[in-house]
Amino acid sequence: MQGAQEASASEMLPLLLPLLWAGALAQERRFQLEGPESLTVQEGLCVLVPCRLPTTLPASYYGYGYWFLEGADVPVATNDPDEEVQEETRGRFHLLWDPRRKNCSLSIRDARRRDNAAYFFRLKSKWMKYGYTSSKLSVRVMALTHRPNISIPGTLESGHPSNLTCSVPWVCEQGTPPIFSWMSAAPTSLGPRTTQSSVLTITPRPQDHSTNLTCQVTFPGAGVTMERTIQLNVSYAPQKVAISIFQGNSAAFKILQNTSSLPVLEGQALRLLCDADGNPPAHLSWFQGFPALNATPISNTGVLELPQVGSAEEGDFTCRAQHPLGSLQISLSLFVHWKPEGRAGGVLGAVWGASITTLVFLCVCFIFRVKTRRKKAAQPVQNTDDVNPVMVSGSRGHQHQFQTGIVSDHPAEAGPISEDEQELHYAVLHFHKVQPQEPKVTDTEYSEIKIHK
């Protein structure tokens with residue numbers, strides 16, 4: 001009889017197990033999660049899935065909490081030390097378990113696109129005949145749209161160091177610290193950093209103006225990288241000043257060296273254009289000559305118009321580039337070439353006139369010298385008795401002594417000469433050496449000697 005009872009019990013056990021399981025399932029109680037039915041988070045960031053234990057749960061209830069991905073048997077987070085969690089969520093999903101405060105929230109950090117799913121919470125106890133299962137909540141993971149912020153205190157000035165800060169204030173502190181990277185052509189050095197910011201010390205140069213500076217932030221927990229690029233606005237004094245020259249309709253050419261020379265034809269139109277670098281732009285002005293600091297410019301712009309170049313424009317012109325951080329200037333020397341029909345023709349005529357005058361003077365001297373020699377060769381020896389000295393006073397106060405002599409070309413027995421008839425005689429003139437005096441009004445004196453017999 002006893003054996004028959006044992007046999008009947010063993011045969012009925014398979015039939016009783018489904019009933020026992022059904023009773024256990026009947027003891028599973030459900031509760032509603034508080035808050036929205038779905039949450040949105042950007043990849044690389046953090047999100048908190050709120051969960052609150054049911055108020056009907058006895059204070060003496062002790063068990064373990066489990067968060068599950070819908071359709072999965074392995075939890076994504078739990079406080080049960082004997083339970084394994086999914087590899088994909090290990091270290092990123094955490095159960096914030098606090099039975100006293102009824103807290104069963106799920107913390108997700110370093111969110112990834114694969115985390116996009118529905119989740120639910122289950123509460124189980126090994127000593128209780130029933131458990132609790134929450135309603136489902138959907139988590140949507142979107143692409144990261146936030147970008148780093150770059151802040152610059154004040155103005156970047158050439159040669160002066162400044163601290164630039166790259167920050168990501170939207171990053172959660174519980175996540176994996178991001179990696180900051182800086183890219184710039186300017187001289188830089190890294191400063192202090194936190195989980196949400198990085199400081200870069202930069203000493204810009206004039207050539208760094210308008211160049212790019214990039215801050216790149218990588219989130220290693222999610223494998224996402226974001227960056228921001230700005231253009232540097234560097235203040236610097238002028239480094240180069242150049243003059244572009246326009247002569248009439250000819251093409252422009254540029255002068256970069258100081259005190260350069262430029263030949264210009266008289267009457268030609270000239271346009272000088274001054275250009276300088278510097279940031280902010282320098283104030284350009286033109287001066288004639290080499291100006292002092294407080295000199296008055298002839299043009300308050302970078303353009304100097306000379307519509308007709310003449311003698312007044314010959315000389316130096318200076319362009320000055322004034323800047324709060326320093327000034328620079330460049331000078332240009334103009335040399336005026338005169339037109340051939342103008343001054344050049346007059347000079348040529350003067351040369352020809354002087355040449356002709358000299359030639360005529362030499363011819364006169366030559367003729368006078370030849371005549372003088374012929375007269376001396378034809379003059380006979382004179383009798384001293386027939387020489388009569390004649391004194392002539394000049395207007396300059398000098399006395400000249402003249403000796404006259406009768407020279408006969410025929411014998412004495414020639415026919416008599418009338419008293420009234422004038423005879424031609426020769427005179428020998430002796431000029432005493434006169435000391436040179438200042439030139440005065442020229443007087444011409446004539447002497448006529450007549451001898452009557």
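Cβ from N, Cα, C; glycine included.
Now, the feature entries from Swiss-Prot:
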{"type": "BINDING", "residues": "ARG122", "note": "N-acetylneuraminate binding site"}
{"type": "DOMAIN", "residues": "28-123", "note": "domain 'Ig-like V-type'"}
{"type": "DOMAIN", "residues": "148-231", "note": "domain 'Ig-like C2-type 1'"}
{"type": "DOMAIN", "residues": "238-333", "note": "domain 'Ig-like C2-type 2'"}
{"type": "CARBOHYD", "residues": "ASN103", "note": "N-linked glycosylation site"}
{"type": "CARBOHYD", "residues": "ASN149", "note": "N-linked glycosylation site"}
{"type": "CARBOHYD", "residues": "ASN163", "note": "N-linked glycosylation site"}
{"type": "CARBOHYD", "residues": "ASN233", "note": "N-linked glycosylation site"}
{"type": "TRANSMEM", "residues": "348-368", "note": "transmembrane segment"}
**Complete:** DSSP output for ASN103 (N-linked glycosylation site) maps to strand
**Fill in**
Confidence over the domain 'Ig-like V-type' (28-123), expressed as mean pLDDT on the 0 to 100 scale, is 90
**Item:** Cα proximity to the residue listed as 'N-acetylneuraminate binding site', best match among glycosylation sites ASN103, ASN149, ASN233
**Value:** ASN103
**Prompt:** Can you tell me how far the Cα of ASN149 (N-linked glycosylation site) sits from the Cα of ASN103 (N-linked glycosylation site), in Å?
**Reply:** 36
**Prompt:** Helix, strand or coil: which one is ASN163 (N-linked glycosylation site) in, per DSSP?
**Reply:** strand
**Asked** Taking the Cβ of ASN103 (N-linked glycosylation site) as the centre, how many other Cβ atoms fall within a 10 Å radius?
**Response** 15
**Prompt:** Rounded to a whole number, how many Å is the Cα of ASN233 (N-linked glycosylation site) away from the Cα of ASN103 (N-linked glycosylation site)?
**Reply:** 52
**Prompt:** Tell me, how many other CB atoms lie within 10 A of the CB of ASN163 (N-linked glycosylation site), whichever protein chain they belong to?
**Reply:** 14
**Distance [Cα-Cα, Å, rounded] between ASN163 (N-linked glycosylation site) and ASN103 (N-linked glycosylation site)** = 44
**Request:** Would you count the other CB atoms within 10 A of the CB of ASN149 (N-linked glycosylation site), including those on all shown protein chains?
**Result:** 14
**Asked** Using DSSP, how many residues of the domain 'Ig-like C2-type 2' (238-333) fall into helix, strand and coil, respectively?
**Response** 3 helix, 49 strand, 44 coil
**Message:** I need the least crowded one of these recorded positions (ARG122, ASN233), counting other C-beta atoms within 10 angstroms of each C-beta.
**Reply:** ASN233
**Prompt:** By the DSSP assignment reduced to helix, strand and coil, which category contains ASN233 (N-linked glycosylation site)?
**Reply:** coil
